[in-house]
């Protein structure tokens, strides 16, 4: 039951005086009620949720179910609540949604706080505070819970600091109307009252108790109203205002009877028994303490039974009723042993659960690191591939550029070479024609001189004959050989290519090809070869056939001029 779990969690922290136990009992209740994150409500039965969890494979649905199971079991089975909180945390990390992770972190922190694992709870609450995505409700719960942890450590300064930070999330005008916020605020104000009471600043404690009580009346929260009344009554008793203390104790008792809060009734009987015991009204104290023990045994609230039996034992000692004192002490020892064994079992179970959770966390972290490493290696591989591709592209582009430059250079050289060859062809043709004309002129003059020789006197004929001889000595009968020699100097490969492609050509036909390559006319060829124009034309026709140039569309001169380039 809820109060049994709360008191077990408290007693696992420390054993102290009866009065202090009562105060810490209430502040622990405040923490549990304040920080529980009951999002989905408690209308769905646990068995139905467990069945849904068994059959579902969707991670998000599993998170919702385990989270709800953790909340629903929080007040009745803290260990089971922690188990489901750990599962929901793992699922949230797997889904990797900030909202779910924050929600699961707060719930897990609450579960650790409830079982008394304060260091782990403190660490998780700090994570929530440091997380920039945490909303105001999460921050409010975290600051309040951290304040409670500091309170347990008797570090009242830090407890007050964190309570004050939590209080800053509420409206300062006291015009709050939101029910959820009012429920949170009344519990925080009650916690501040307990803190100031412990610090012996009773006036401030009274102020906060009064404010908390006003809110409980505003929203008609009877259960919590009884808790605040009990705390306020204890404060009045410490101040010596016993009439007001008794009034508030009895009001709390009546409210708990009205709402049938058996756990609260046991606490009220215990508080009243302790109150009358300190006033030395032993008979009335005995009645209330016995009621607390009977009711506590009936509902399984062993913490109340242990505390009330301890006070009743002291009462009997004061009265000298040693037999009753002995029996009561035996009951107290029996209950204490039971609680100790339960506490030890809970501690062992908690350590086992923590070990399993840590183990799963380490496995999950190892998988996450492996995943991140794979991503990193993939990214490095991709980056390296991009670098290689970029480098290859750069090299290829440079290669293409160099090739284009080389081609352009070659084209330019080829163009220059063609111009040079064309110039040499023109020079060759001009020289041959010049020599040809010279020969013709010499022949013509020689023929005329020979005719003159016949008409001159005998004395002059030798002189004329000598002139004719001199002219004939300047003739170039080797003109064709010289032409062929100079042609081959300019067109080194022409005859080689011509022989490779057309090996059946005769020497005279090859010479004719050379003349035509120089774009010489039939008349010019006739003059060099001393053949008639008709003979040259017949030779050209025969050459076209051997070169397979049929039809008027094929030009013989063009074909031969391009032959060397092919």
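Note: Cβ is positioned from N, Cα and C throughout, glycine not excepted.
TrEMBL: automatically predicted annotations, no manual curation.
Going by TrEMBL, these are the annotated features:
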type	residues	note
COILED	400-427	coiled coil
DOMAIN	502-559	domain 'HTH luxR-type'
REPEAT	102-135	repeat 'TPR'
REPEAT	140-173	repeat 'TPR'
REPEAT	186-219	repeat 'TPR'
REPEAT	226-259	repeat 'TPR'
TRANSMEM	375-395	transmembrane segment
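Here the repeat 'TPR' (186-219) has, by DSSP, the following mix of helix, strand and coil residues: 31 helix, 0 strand, 3 coil. Note: the domain 'HTH luxR-type' (502-559) comprises 37 helix, 0 strand, 21 coil (DSSP; helix = H, G, I, strand = E, B). Under DSSP, residues within the repeat 'TPR' (102-135) fall into helix, strand and coil as 27 helix, 0 strand, 7 coil. On the 0 to 100 pLDDT scale, the repeat 'TPR' (102-135) averages 89 in the predicted structure.
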